[in-house]
């Protein structure tokens, strides 16, 4: 089908269509004008959504399903002006998504829309309606919103890679507001390793999906390329390094981790206070980065909060993209439970899912584990799952949570563990930042989470004066007001104390 590129011509012909229809066809058939007008009317009746859908169908054939779903399913076709086709990026991480679309998929998208319309078309990805130029004749405008398209991909080939678990894939990862940016960043790295986000540093609390995303990167790259991928926990890396020294085979160890295309290293905070392992990993990192190999790192905290980490390592961790995964909201927790229920082929009542999601807030492993317990309990007793049945199955789990006593001692212990110091160091007279900051955090949390008076809190922290407690709490409060990352750190520790 040929497409007339000039909007003025289209609008002019369109205005004549209704007039021509009201006349006797015999009197207006000269030169085939009526036929041409009928063709133009048919063309204009095709909505911009139809054009975009046809383009999406073409695009989906040229990429993996996870890539298509990440970048193209939340785009909204807006308007078509002359040769410019305006598409709004409507994701919560719109700026990041637009950057990926502009740098990696613009040519593909231009070609798809051009093929649909039979003319050279330029797609313009926008963030706001104000970016659409006004005062020009419009060819087409978007019709009311529609359901996002889905991509039907062919069979997938799975190829094994070192230490990867095939169950951790992007399509099994539940996306919510707490992890949307991290998920998009991981997909971007999977599609184009080493190009922009190197290293990629993912941080977040225990059981929030960091390992799932890291292994999904490895599985994706292994499936669609011949790159050599190695996934390893930092603890395993450390133990293998120690064994290599003991067994005098350091060269074998180095070859294993330096002759790869993608290194995925989990729980890097395990490097804290391990100077020898830090030295070895520093050289491994440099070797890979200089050879343009992709490095992905996870941690339970951002680089600057990892205690006793060499500054040269910290700076290298911060030279790429840092993204966090926060606690899932209620809706995301329900979505996670539904996904897990599908794997059991069980019909779980909504009130049971709500009950579990209401009681477990921050740990996805615990969330899924609770559902697994209910399903197993049901099969064992041969009973149908109901709310009362779930309450009975999980009574011991939730009783343990209810029995947690939040006092100054427990807060100090949890905070000290998070910062990798001892309670004795927290109570000492040491004033180094590595000790004073955790101490002040524990003071602040004790004031917020208990009914203790300031003098009593002072006694709990090595007999300190109440004015010292006030100063410490104010300092933490001010830092939280000015530093979002620090505020999130406090929230993570607070959730851990509450057992969420």
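Count begins at 1; order follows the chain as displayed.
The backbone N, Cα and C atoms fix where each Cβ goes, and this holds for glycine too.
Positions annotated as ATP binding site by TrEMBL: 207, 209, 210, 211. According to TrEMBL, the feature compositional bias 'Polar residues' maps to 146-160. Taken from TrEMBL, the feature domain 'AAA+ ATPase' covers 196-323. Here TrEMBL flags 407-476 as domain 'Chromosomal replication initiator DnaA C-terminal'. The region 'Domain I, interacts with DnaA modulators' feature in TrEMBL is assigned to 1-143. If you look up TrEMBL, you'll see 140-160 marked as region 'Disordered'. The feature region 'Domain IV, binds dsDNA' is assigned by TrEMBL to 379-500.
Least crowded of the binding-site residues (207, 209, 210, 211), judged by neighbouring Cβ atoms within 10 Å of its own Cβ: 207.
Across the region 'Domain IV, binds dsDNA' (379-500), the DSSP tally of helix, strand and coil residues reads 90 helix, 0 strand, 32 coil.
Regional average pLDDT for the domain 'Chromosomal replication initiator DnaA C-terminal' (407-476) in the model is 90. Secondary structure by DSSP for the domain 'AAA+ ATPase' (196-323): 67 helix, 24 strand, 37 coil.
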